[in-house]
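Have a look at the structure below before the remarks.
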Amino acid sequence: MYGPINPKAPFIWHGGDYNPEQWPPEVWVEDVRLMQEAHYNVPTVGVFSWVSLQPDEHTWDFEWLDRVLEMLHASGRYFVLATPTAAQPAWMSQRYPDVLRADNTGRRHHHGRRVNYCPNSPNYRRFIREVASRLAQRYGGHPGLLAWHVSNEYGGTCMCEVCAEAFRAWLRRRYGSLEEVNRSWWTRFWGHTYTDWSQITPPYANGENLTHGLTIDYKRFQSEAMLECFKIERDAIREHSPDVPVTTNLMGTYPLLDYREWAKEMDVVSWDCYPWPTADPGDIAFLHDLNRGLKDGRPFILMEQTPSSQNWQPVNQLKRPGVLRLWSYLAVAHGAETVMYFQWRRGRGGCEKFHGAVVEHHGRTDARVFREVSELGAELERLGDATIGAATPARVAVMFDWNNWWAIDDAVGPVREKRYVETVRQHYRAIWRKNVPVDVVFSDSDLSRYDLVIAPMLYMVKPGVAERIEGFVRGGGVFVATQFSGVADEHDLAFEGYPGPLRRVLGIWVEEIDALYEGQVNHIVMADGTGTYECGRMCDIVRTETARVVATYGEDFYAGTPVVTENRFGEGRAYYIASHPEDRFLDEFYGLLLLEQGVQPVMETPAGVEAALREKDGARLVFLLNHNPEEVTVRLPEGEAFLELLSGEELRGEIVMAAYDVRILRADA
Amino acid sequence: MYGPINPKAPFIWHGGDYNPEQWPPEVWVEDVRLMQEAHYNVPTVGVFSWVSLQPDEHTWDFEWLDRVLEMLHASGRYFVLATPTAAQPAWMSQRYPDVLRADNTGRRHHHGRRVNYCPNSPNYRRFIREVASRLAQRYGGHPGLLAWHVSNEYGGTCMCEVCAEAFRAWLRRRYGSLEEVNRSWWTRFWGHTYTDWSQITPPYANGENLTHGLTIDYKRFQSEAMLECFKIERDAIREHSPDVPVTTNLMGTYPLLDYREWAKEMDVVSWDCYPWPTADPGDIAFLHDLNRGLKDGRPFILMEQTPSSQNWQPVNQLKRPGVLRLWSYLAVAHGAETVMYFQWRRGRGGCEKFHGAVVEHHGRTDARVFREVSELGAELERLGDATIGAATPARVAVMFDWNNWWAIDDAVGPVREKRYVETVRQHYRAIWRKNVPVDVVFSDSDLSRYDLVIAPMLYMVKPGVAERIEGFVRGGGVFVATQFSGVADEHDLAFEGYPGPLRRVLGIWVEEIDALYEGQVNHIVMADGTGTYECGRMCDIVRTETARVVATYGEDFYAGTPVVTENRFGEGRAYYIASHPEDRFLDEFYGLLLLEQGVQPVMETPAGVEAALREKDGARLVFLLNHNPEEVTVRLPEGEAFLELLSGEELRGEIVMAAYDVRILRADA
Amino acid sequence: MYGPINPKAPFIWHGGDYNPEQWPPEVWVEDVRLMQEAHYNVPTVGVFSWVSLQPDEHTWDFEWLDRVLEMLHASGRYFVLATPTAAQPAWMSQRYPDVLRADNTGRRHHHGRRVNYCPNSPNYRRFIREVASRLAQRYGGHPGLLAWHVSNEYGGTCMCEVCAEAFRAWLRRRYGSLEEVNRSWWTRFWGHTYTDWSQITPPYANGENLTHGLTIDYKRFQSEAMLECFKIERDAIREHSPDVPVTTNLMGTYPLLDYREWAKEMDVVSWDCYPWPTADPGDIAFLHDLNRGLKDGRPFILMEQTPSSQNWQPVNQLKRPGVLRLWSYLAVAHGAETVMYFQWRRGRGGCEKFHGAVVEHHGRTDARVFREVSELGAELERLGDATIGAATPARVAVMFDWNNWWAIDDAVGPVREKRYVETVRQHYRAIWRKNVPVDVVFSDSDLSRYDLVIAPMLYMVKPGVAERIEGFVRGGGVFVATQFSGVADEHDLAFEGYPGPLRRVLGIWVEEIDALYEGQVNHIVMADGTGTYECGRMCDIVRTETARVVATYGEDFYAGTPVVTENRFGEGRAYYIASHPEDRFLDEFYGLLLLEQGVQPVMETPAGVEAALREKDGARLVFLLNHNPEEVTVRLPEGEAFLELLSGEELRGEIVMAAYDVRILRADA
């Protein structure tokens with residue numbers, strides 16, 4: 001159980017991006033009228049409005065924003081207030097060119113687009129501090145204000161000279177001596193030893209980009225530098241608005257920022273959810289669970305989603321009727337406290353003018369999308385605080401780690417496409433398909449609360465991680481590792497033998513790694529004769545030490561050698577899956593493990609119907625989500641009755657769910 | 001009926017690019033002898049000869065050209081004279097680096113290749129004025145001179161600082177105030193408001209390239225800047241050579257130049273026709289009709305085609321025997337007054353040494369290509385002025401517009417690949433396949449002379465266009481619009497509701513736009529039960545106002561909603577086709593419309609045999625073109641007799657046409 | 001018969017890259033112990049060790065290398081000593097930026113990666129001379145030293161200003177006058193005539209890159225400039241170490257360096273063999289034969305191969321058990337005097353940490369790879385000098401030429417993908433499949449020793465080559481040319497008629513060249529009715545003069561015209577194959593030619609079993625190589641007995657070869 005994000009508004013926020021500065025005031029009046037109709041009760045204001053607030057270095061204009069916020073509030077709305085710092089004004093780039101980012105050859109960008117600032121630029125940092133401070137001073141106490149939305153979708157990389165210099169300072173702090181840098185980066189390779197700090201550069205595309213200690217440290221440094229920008233704004237805000245939570249909108253498994261580190265600095269996690277129309281709902285669920293995991297289970301803000309379509313994909317298909325509602329509840333089922341959109345009203349110009357919006361260019365309210373949004377808004381309003389602050393009682397965890405991802409992607413060999421994220425998702429989905437709640441955890445997470453921890457492709461094992469895993473297993477947990485694990489330390493230096501520090505808990509060592517061509521397969525042959533499954537891509541050739549062989553390879557010169565092993569360790573067990581398996585293997589493998597660990601599904605459902613669980617005030621909230629494009633019948637547990645929260649009806653026995661329909665069943669303990 | 005391009009030469013010019021400056025004078029003598037044999041009576045001289053004419057800034061050498069032109073003329077030949085300005089000499093780039101173009105990051109090119117000049121460079125403009133002036137002064141009154149060919153295949157883009165500054169000046173003239181720029185470009189989006197003119201830059205690849213008002217204006221500006229270069233030369237020429245028509249060779253649907261605006265400045269349109277060997281002849285016909293349309297129906301110069309093969313395609317297949325003749329008459333059938341080639345003689349070096357030529361490296365006249373060219377030359381000579389100045393009496397028009405293309409390609413969403421040109425060509429071919437003459441028209445064309453006007457994907461509706469279309473329909477015309485029309489104004493600002501200003505004439509509005517994946521289809525189900533057709537890619541979801549539903553979607557959540565509509569408006573009708581249809585639909589749809597409008601085919605022919613029409617002196621000239629690689633029998637209209645102009649025979653009843661054969665039938669009114 | 005590479009070590013060297021500088025001294029002790037076990041008797045030391053030897057401009061440290069070499073030698077090992085110049089230290093790039101390479105736009109790289117030096121940089125040249133000289137001075141007389149390995153895998157291109165200036169000087173020397181440059185480069189095309197030397201630039205990607213005389217000359221210049229670097233080091237070494245052979249490791253058909261010219265400066269050829277795991281063994285054999293051919297038949301050093309897998313391919317599959325041994329003997333069968341590896345021990349960091357190594361990260365000797373290497377080492381040791389210095393008695397030659405390759409790749413048309421190397425390999429493999437020894441020869445090679453010379457796609461015919469071919473045929477040789485031959489001279493200027501100077505010996509001329517689309521085919525129809533074969537890609541349309549028609553095209557407008565011709569010329573014959581044929585044609589065509597020329601296979605073997613031949617001391621050494629992944633039975637020639645060198649057994653009749661197995665049969669004459 002958690003408190004609401006802001007005690008002023010203990011309900012599901014329904015709203016999102018609103019850019020009144022793009023429109024004349026007469027449209028604002030219409031906006032408020034339509035928001036009323038759409039139950040759009042928490043608009044996000046201010047994103048990208050910098051030049052409207054600060055038309056030149058020494059001029060400020062808050063009047064328009066005063067009026068907008070007043071109108072919103074007067075009409076009964078709350079709002080999220082954004083700082084505008086995701087795109088600096090043209091005058092700033094012009095007068096202070098160091099605010100502009102440089103590309104991966106060190107060449108400065110021209111002004112334009114967005115997120116085009118150097119995160120280490122002293123001028124940029126000075127300006128963001130000032131604008132954040134002024135906004136907080138002026139609006140920090142506004143009764144309508146629910147949260148601060150700092151900047152927007154941080155990302156990218158800068159390789160300018162300011163960054164280069166800051167990087168060298170960062171390295172001095174991190175390593176203390178140049179000798180330690182050389183040692184950690186294995187620079188004797190190709191004679192790359194640095195003999196002076198000044199020789200170190202960013203990993204330019206046309207320079208040094210194959211020293212992996214350098215490349216991963218530069219990613220860490222840039223992630224931290226951008227986080228520093230966030231912190232500058234956050235701290236400026238807190239000074240004047242200490243009681244309002246501060247966040248920034250994340251982007252799922254965005255590759256370049258270590259969100260786990262970011263979350264530690266955020267009061268509440270928020271994120272923008274843009275799955276492809278053809279996405280597996282399990283992959284969307286994974287992202288929600290990941291965001292919930294960033295703060296160890298705390299519910300989060302769904303800051304953006306499209307009401308209808310995206311615009312930047314090759315093909316931007318409309319969400320079919322009902323899918324917006326379904327995916328909104330999917331978010332809530334996995335921890336969202338809000339249902340918010342990009343965007344309220346489509347701009348007439350700009351490169352997002354074909355991005356879905358609540359109010360489309362025609363501006364009509366008798367349109368499908370506006371109606372769906374409005375009906376959802378009304379329904380959410382009726383739901384009140386029923387789901388607010390609910391927890392997710394997961395006993396299974398899947399581990400994800402940005403540093404690990406970076407190192408895997410840098411690794412040259414054994415195959416070019418390592419597919420770390422896809423692999424994590426594959427394991428996640430195998431559990432998710434069983435209607436078993438999963439937490440996404442990180443390499444620094446506390447594992448003690450779980451029965452099963454899965455760490456797919458844990459290539460990089462940072463200090464303390466193996467110890468934590470050993471402790472978890474010793475205490476009775478079941479741990480699953482896969483191919484290409486325990487390969488390198490936090491500097492991406494290979495261990496002298498894989499799986500490195502995981503060797504003891506897994507009871508194996510890896511002699512070689514074979515790589516299979518696309519379309520080429522080997523097989524997992526269960527030692528007990530229960531089945532044979534395809535595997536491929538990478539095949540670790542494994543030798544057991546204390547482990548026993550659960551399955552062997554079916555083909556090739558390593559036929560008959562271990563492909564799945566089990567090691568009893570303390571009170572628990574640790575498994576190694578040495579090759580990339582087909583889904584069917586994971587279904588059966590995890591089915592057995594969950595049975596043995598006594599982990600039950602939330603509910604048994606037909607294919608394509610998800611049952612997700614949250615708990616609040618001792619009651620179980622079961623979200624039934626029909627991901628199928630057709631009607632389905634679900635049989636509720638024998639003899640149990642549930643209060644369905646959306647309809648207020650009591651349900652039992654067989655229920656019929658329409659295509660994409662949702663039920664929220666409450667069962668009190 | 002039009003006058004000949006040059007009254008001195010009222011016959012089909014047969015000739016083309018000739019580069020004597022690449023060869024020693026003894027070869028010139030051989031050239032003239034071979035031209036005689038090949039009936040190559042109008043060579044084009046001077047293209048790319050700048051350094052030969054002006055070996056340094058203050059030295060001029062016209063002697064070689066005097067001799068060449070004299071030899072040509074003395075042997076009974078005319079010539080087209082080119083200015084050499086498509087590639088500046090190395091000394092010029094070296095001494096005046098501002099003549100060099102900059103790439104899309106603002107970085108200056110090195111000297112080399114061709115069309116590598118900055119169109120706004122004051123030095124470049126000074127030099128082209130001088131060379132054009134000197135040439136005109138010296139040769140403007142030459143009795144052999146038929147036309148001026150200014151520069152060569154203008155194109156590309158420059159983003160240097162000179163261009164940037166000129167662009168800002170251009171914007172000041174166009175918009176008057178910075179406020180108007182900001183308003184027209186919707187710069188409040190992402191806070192991109194300019195607060196000083198100097199902040200505006202070209203749409204650099206590493207800068208501001210997502211403000212679509214900027215990107216389309218920069219294209220307009222560059223097209224105009226290059227046109228300005230043309231005009232500088234044209235005016236310099238006219239001063240000394242006022243009676244000789246001036247042209248430059250266009251390149252079909254070349255994306256970067258608005259040829260409609262260019263044609264207004266050209267005395268006669270000329271173009272270079274390089275279809276792929278596997279091209280649909282309907283697509284070639286479209287390009288000829290487009291070039292004829294550039295000057296509202298005036299015949300044009302076919303300036304270049306290959307006698308055998310190109311060299312820059314991935315696979316450069318030879319034109320099969322007969323195809324050169326067939327495609328030459330295809331050009332004439334659609335308005336060409338010339339049959340000209342690139343190139344007379346293959347150079348021994350240079351990157352075009354494997355491009356087809358009349359005289360190949362072996363220099364022999366007993367070779368297939370030389371023989372085909374010579375025989376065609378003789379045949380054209382016999383044809384005399386029979387086709388010269390003939391008009392094309394089209395009652396159907398297909399609209400094409402460069403600004404529209406640019407805006408469509410810039411649009412982010414609903415699908416990435418919009419395929420504007422392909423869509424225009426698809427509609428064109430549907431009419432062409434019926435042997436019905438088509439004019440290609442532009443958004444500023446007079447529509448009153450047509451019975452049917454088709455405007456595929458008219459995304460951008462510029463001021464006055466909707467009014468012109470309304471007038472046309474009100475007066476009894478039939479208008480056809482398609483998916484993704486009426487979306488944006490001339491600044492690429494979305495209308496507040498599509499199809500914007502076309503809403504009244506079409507009697508519908510578009511609620512949403514769905515996008516289909518490659519391979520995914522919906523269906524057009526005719527309301528009267530006459531058929532069902534595939535459609536896809538984009539599906540506008542349409543609501544009718546005054547229109548009636550002609551066909552509905554067959555599937556998906558918008559099944560049963562309109563996909564084809566008809567709106568009676570004044571004396572005419574306006575149709576909307578809301579999704580991309582298969583060809584079969586267009587065949588039947590247009591078949592019916594043409595029938596209703598009383599538009600007859602030129603002649604009924606078997607598949608693959610085209611019947612095209614020109615009219616001269618009250619006579620009809622029917623071009624029968626057998627595009628099939630095999631013999632075909634064509635039945636001429638019952639009871640009619642025709643004079644076949646190539647053979648001089650009278651034809652009636654059934655005629656047999658060999659593979660790729662051509663007949664030109666004259667029927668006097 | 002040749003002498004051993006170094007008389008000190010007349011046996012097959014087994015060893016390769018060893019980088020002790022990456023490890024602490026305690027690991028060196030372990031290394032020596034393991035080398036002993038692995039029979040790793042010739043490690044290569046010093047590659048990339050520059051910063052370890054010269055930590056700053058004025059500091060030298062040889063002590064560690066003294067120790068390493070002493071340890072190796074003391075344990076009974078020899079060594080190859082490398083100069084470290086393939087990657088300059090960071091301090092050098094920092095202090096002397098001109099040592100850095102510039103990219104193909106003239107922009108200087110940042111420091112990093114490897115082979116990032118400008119080959120014309122005076123500072124780079126000064127530094128490499130010094131380090132090579134110091135090494136030679138110190139170790140030139142070391143009793144363990146077998147060979148000098150200069151730098152590493154030269155390659156790439158630099159387009160900096162220093163190179164540009166050096167290029168202009170190179171051109172002055174080559175052409176004498178600017179007029180001659182203009183003439184040779186056909187610069188009148190597009191008006192590219194240079195009027196001052198200073199106007200000539202490297203062929204920048206954003207400048208002049210379509211003047212093919214320039215592009216090929218720049219490749220020649222860069223190849224020579226890099227060769228000059230090699231020579232600087234070689235000469236510095238020879239001064240102090242005159243008796244030790246000097247080499248550098250080549251890379252097969254590396255495109256950018258003319259290895260034929262390089263080989264002339266090297267004492268012995270060495271190369272790095274990295275085939276893809278799925279490579280056709282015939283293609284590997286081709287590369288070995290090419291390296292042997294570089295010095296007209298002299299055996300060579302196999303400097304690098306992977307013991308298990310590469311790491312930089314998309315999929316880096318392990319060599320299956322036995323393949324390392326098989327491919328090692330494949331090398332020896334084709335002229336290798338060594339079996340050497342990259343790398344001894346995997347580094348813990350660096351971008352090659354997943355490249356196969358003898359000692360893997362786990363460091364164990366009970367691993368498959370270590371065992372295979374050790375067993376192979378022991379076996380090679382037993383083989384002693386049995387193969388050392390043996391010659392390859394080839395009567396068939398296939399011609400390869402780097403200048404020709406460059407010109408073909410530059411050619412724009414008739415098809416983009418010319419596939420020169422693939423075509424050479426296709427012809428080579430047709431002979432190789434018959435167990436007939438082949439020499440790879442070059443355009444300057446002596447042809448008189450052969451019965452059959454095949455010159456696939458000899459597009460560029462340099463001065464003297466046609467004369468040499470004529471002499472060869474006149475004297476009774478059989479010469480085979482193919483499509484796209486005799487097209488251009490050494491400046492890439494087209495001959496006035498193809499096949500240019502080969503016209504007389506071939507007795508044909510080429511009228512046109514047709515190009516076929518991927519998947520489109522024509523047919524080779526044998527005039528004597530013996531068969532029909534597919535052909536395609538390019539189809540020369542041929543006219544015979546003195547030649548007779550062997551086969552005609554089956555389809556298209558040139559059906560019935562010659563596709564294969566034979567010309568009797570002096571005592572010999574010359575064939576022209578005018579289109580790219582399928583393998584089956586070459587098998588039968590060459591089968592007949594070899595029969596007629598009396599060229600016998602080394603031995604008849606089942607499919608996939610290669611029989612290769614070397615000769616030593618009058619004895620024939622027949623290498624039987626089973627490339628099949630399964631067991632095969634080979635029948636030895638009736639009545640003959642062989643001494644099998646690996647087992648010491650006498651063999652006759654049927655022998656069974658395991659998958660990937662090898663036999664070396666000695667038959668004394």
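Cβ from N, Cα, C; glycine included.
Record check, TrEMBL: substrate site residues include C:R114, C:W312, and the candidate from C:N104, C:N152, C:N291 also listed there is C:N152. The subset of recorded positions C:R114, C:E304, C:W312 lying near chain A, with Cβ atoms under 8 Å apart, consists of C:R114, C:W312. Take the active-site residues C:E153, C:E304: by the count of other Cβ atoms within 10 Å of each Cβ, the lowest one is C:E153. Counting Cβ atoms from all protein chains shown, C:R114 (substrate binding site) has 19 others lying within 10 Å of its own Cβ.
Comparing C-alpha positions, C:C158 (Zn(2+) binding site) sits nearest to C:R114 among the recorded positions C:R114, C:N152, C:E304, C:W312. Closest by Cα distance to C:C160 (Zn(2+) binding site), from the recorded positions C:R114, C:N152, C:E153, is C:R114. In this structure the residues listed as binding substrate are C:R114, C:N152, C:W312; their two most distant Cα atoms lie 17 Å apart. Residue pair C:E304 (active site, nucleophile) / C:C163 (Zn(2+) binding site) shows a Cα separation of 31 Å. A helical conformation is recorded for C:C163 (Zn(2+) binding site) in the three-state DSSP classification. The two recorded residues, C:W312 (substrate binding site) and C:C163 (Zn(2+) binding site), have Cα atoms 30 Å apart. The domain 'Beta-galactosidase trimerisation' (C:394-599) scores a mean pLDDT of 98 in the predicted structure. Listed in sequence order, C:D98, C:V99, C:L100, C:R101, C:A102, C:Y124, C:C158, C:C160, C:V162, C:C163 are the same-chain residues at least 6 apart in sequence whose CB falls under 8 Å from the CB of C:C118 (Zn(2+) binding site).
Using a 10 Å Cβ-Cβ cutoff, C:C158 (Zn(2+) binding site) registers 26 neighbours. Of the recorded residues, C:E153 (active site, proton donor) and C:R114 (substrate binding site) place their C-alpha atoms 10 Å from one another. Annotation for C:N152 (substrate binding site): same-chain Cβ neighbours under 8 Å, separated by at least 6 residues, are C:V47, C:F48, C:A82, C:A86, C:R114, C:V115, C:T248, C:N249.
Residues C:R101, C:A102, C:P119, C:N120, C:S121, C:M159, C:E161, C:V162, C:A164 surround the recorded Zn(2+) site, their Cβ atoms falling within 8 Å of the Cβ centroid of C:C118, C:C158, C:C160, C:C163, which are themselves excluded.
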